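What Swiss-Prot lists as ATP binding site is His15, Asp175, Ala176, Lys177, Arg242, Phe243, Asp251, Arg257, Lys258, Ala274, Lys278. As annotated by Swiss-Prot, Mg(2+) binding site applies to Asp17, with the evidence given as sequence analysis. Residues annotated as L-methionine binding site in Swiss-Prot: Glu56, Gln99, Asp251, Lys282. Residues or ranges marked as region 'Flexible loop' in Swiss-Prot (evidence: sequence analysis): 99-109.
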Amino acid sequence: MEKRLFTSESVSEGHPDKVADQISDAILDAMLKKDPNSHVACETIVTTGMVFVFGEISTSAYVDIQDVVRKTILKIGYDRPELGFDGNNCAVMVDIDEQSPDIADGVDHSLETRENKSDNDELDQIGAGDQGLMFGFAIKETPELMPLPISLSHRLMRRVASLRKDHTLEWLRPDAKAQVTVEYDENGKPLCVDTVVISTQTDAEVSNEEICRAMIDLVIKEVIPAKYLDENTKFLINPSGRFVIGGPKGDSGLTGRKIIVDTYGGYARHGGGAFSGKDPTKVDRSASYAARYVAKNIVAAGLAYRCEVQLAYAIGVAHPVSIMIDTAGTGTVDDELLTEAVRNVFDLRPAGIIKMLDLRRPIYEQTAAYGHFGRTDVDLPWEKTDKTQALLDYIKNNQ
């Protein structure tokens with residue numbers, strides 16, 4: 001019988017697209033630290049020897065963008081010329097415009113307030129920064145309620161970075177990728193890890209044998225629980241044979257090109273909007289966080305084994321145009337009642353999300369590598385499960 005396999009990938013903080021994400025979010029954090037009401041849409045391109053920062057920003061803060069860019073690159077580990085990219089001497093170009101006044105007006109004065117339909121509710125005043133659809137997801141495959149393939153992929157990449165930064169493996173360089181294939185049983189429960197792929201940038205002098213031995217013994221076997229590994233698990237370590245040239249010298253990087261790595265590894269649907277470089281009035285980011293918060297609390301409350309949440313917005317309108325809950329038949333109550341409970345327990349207007357999750361803070365750079373969801377190494381407000389009792393109470397009182 002054909003195996004039921006599912007694969008997800010992660011990339012390291014030194015991957016060129018992730019370098020761009022971290023620069024964009026470092027700039028966002030610097031703005032929010034000085035002016036919590038900053039409106040930021042910051043994009044970054046990185047390529048050999050050069051960084052280009054552009055976008056639309058409206059803020060009362062002054063931020064030395066070039067300094068933020070260089071410090072971010074150096075912190076990642078691109079700190080010497082032989083890596084092909086060096087934060088000390090790369091060119092940094094900046095082209096920032098103000099946010100469109102048309103968009104700003106729609107965000108600051110929602111349709112509800114313009115049509116006097118807000119009942120003087122201050123949380124009605126902010127409209128969504130754009131139209132769009134966003135998804136959130138949670139599943140009981142891991143303690144952090146994430147799909148197992150993406151969870152393991154992120155953990156592998158964090159482990160590789162740790163071994164590089166603490167100098168256990170002096171020959172590691174910043175760029176790396178991991179991919180994990182998990183076999184599932186007929187009920188959709190994980191059985192074992194079928195294949196692990198790790199491609200990691202290294203110095204030229206290290207042998208393929210040493211790389212393989214280190215990745216298997218110090219990374220894979222330290223990260224993946226033994227119950228998921230057996231004699232049939234396949235390990236593919238630097239399968240291209242050589243990975244010395246990497247980072248922005250090997251490939252150009254651009255903000256927002258790793259949206260599946262950032263979320264659920266393809267296990268759940270994605271609305272298409274990227275996160276990094278966007279302030280929380282952009283629902284691409286804040287509503288995706290809220291959707292994860294909703295889904296995680298539903299699963300944590302024992303109301304479903306898995307849950308996918310879709311939210312949708314119209315530009316300049318405060319209230320979501322739609323809310324959808326899909327538990328794929330695993331819910332203990334029907335999805336319509338769960339949707340009703342969500343409407344009553346969670347405030348999913350942009351200003352409501354910002355208040356509920358306290359999003360006008362400089363907390364975003366830490367999300368720009370190794371995933372925005374299921375993080376156990378940093379404290380993120382949308383990962384809290386503090387709404388479980390409110391959901392259970394609503395269900396109990398309305399069944």
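All residue numbers here begin at 1 and follow the chain in the order shown.
Glycine residues also receive a Cβ, built from the backbone N, Cα and C atoms like all the rest.
Recorded features from Swiss-Prot, shown on the structure.
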residue : record                    : Cβ contacts under 8 Å, 6 or more apart
His15   : ATP binding site          : Asp175, Ala176, Lys177, Gly247, Gly253, Lys258
Asp17   : Mg(2+) binding site       : Val11, Gly253, Leu254, Thr255, Arg257, Lys258
Glu56   : L-methionine binding site : His39, Ala41, Ile96, Asp97, Glu98, Gln99, Ser100
Arg242  : ATP binding site          : none
Asp251  : ATP binding site          : Pro16
Lys278  : ATP binding site          : Leu28, Val40, Ala41, Cys42, Asp284, Arg285
Lys282  : L-methionine binding site : Ala41, Gly129, Asp130, Gly273
By a three-class reduction of DSSP, Glu56 (L-methionine binding site) is assigned strand
Lys282 (L-methionine binding site) falls, by DSSP collapsed to helix, strand or coil, into coil
What is the average pLDDT across the region 'Flexible loop' (99-109)?
68
Quick one, of the binding-site residues Gln99, Ala176, Lys258, which Cβ has the fewest other Cβ within 10 Å?
Gln99
